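Asker: Handing you a structure now.
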Amino acid sequence: MMQVLSIQSGATTKDCLSSGKLVVLTGPSGVGKGTLMRSLLARHPELYYSVSATTRSPRPGEIDGKDYYFISRSKFEQLVAAGEFLEWAEFAGNYYGTPREPVINQICSGKLVLLEIELEGARQIRRSFPEALSIFILPPSFSELEKRIRTRGQDSEEAIARRLRRAQDEINAADEFDIQIVNDDFETTLKSIEATLFG
Ligand SMILES: Nc1nc2c(ncn2[C@@H]2O[C@H](COP(=O)(O)OP(=O)(O)O)[C@@H](O)[C@H]2O)c(=O)[nH]1
Ligand SMILES: Nc1ncnc2c1ncn2[C@@H]1O[C@H](COP(=O)(O)OP(=O)(O)O)[C@@H](O)[C@H]1O
């Protein structure tokens, strides 16, 4: 199911990609990735956040084109076949993918590009783009993670159970990442990410 990536193939593309920077942020569902991303973007509008496509239904308040591009499974499969994703994966019963073209364009224009993606996608990026910096966000404990998913109050019991089942496998892979940060105190975490990106 994994896509072969070609962004390293041409010398020109490779040179171009070295003008910007790609940062991958991963961590179990509920750890605080989305909230951290939103704060980071509010504080650093020069960053480029890659909006993913997903077959998941929008949660209340989520905006198409801002939080995700919400698309059907058949549309997603068409885009996979057309090679339109830099990486993609199935997570908790839905597909998620990073649109290739805007990310390449933004990196080539010298931007720092942020991807907030799950483990399989992060592995694909590591293979195709080894220069990318990868950050894994850990919860202070598993019970705190569960509490955060529940207090977010946006997922069905089934969706929560799927995310928690998956969370332990993701946490076990934290060592694969360049940097691990425990999201205990929110402001402290934000400062650690800022130090990593700009320090
Ligand atoms: N591989 C991949 N994962 C993604 C992408 N976009 C989002 N994800 C991840 O998919 C997982 C589920 O996201 P979401 O349904 O928004 O749930 P949440 O993490 O519980 O808020 C999270 O780990 C996201 O980081 C993408 O483009 N590619
Ligand atoms: N450091 C933190 N301490 C306590 N709660 C947090 C912290 N970071 C995030 N949260 C809360 O945890 C819940 C899940 O965060 P969210 O950003 O949706 O996680 P993710 O995108 O990783 O699934 C939200 O209600 C958020 O406000």
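Glycine residues also receive a Cβ, built from the backbone N, Cα and C atoms like all the rest.
Pulled from TrEMBL, these are the listed features:
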- 20-198: domain 'Guanylate kinase-like' (DOMAIN)
- Gly27, Pro28, Ser29, Gly30, Val31, Gly32, Lys33, Gly34: ATP binding site (BINDING)
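Help me understand the surroundings of these features in the structure.
Answerer: According to DSSP, Lys33 (ATP binding site) sits within a helical segment.
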Asker: Measure the Cβ-based neighbour count of Gly30 (ATP binding site), defined as the other Cβ atoms within 10 Å of its Cβ.
Answerer: 22
Asker: For the ATP site (Gly27, Pro28, Ser29, Gly30, Val31, Gly32, Lys33, Gly34), what does the 8 A shell look like? I mean other same-chain residues with CB within 8 A of the CB centroid.
Answerer: Ile137, Pro139, Leu145, Arg148, Asn183
Asker: If one looks at the chain holding Pro28 (ATP binding site), which residues at least 6 apart in sequence have a CB under 8 angstroms from its CB?
Answerer: Pro139, Leu145, Arg163, Arg166, Ala167, Gln168, Glu170, Ile171
Asker: For the domain 'Guanylate kinase-like' (20-198), provide the mean pLDDT of the predicted model.
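Answerer: For the domain 'Guanylate kinase-like' (20-198), the model's average pLDDT rounds to 96.
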Asker: As a check: which entries in Pro28, Ser29, Lys33, the binding-site residues, place their Cβ less than 6 Å from an atom of ligand 2?
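Answerer: Listed by sequence, the hits are Ser29, Lys33.
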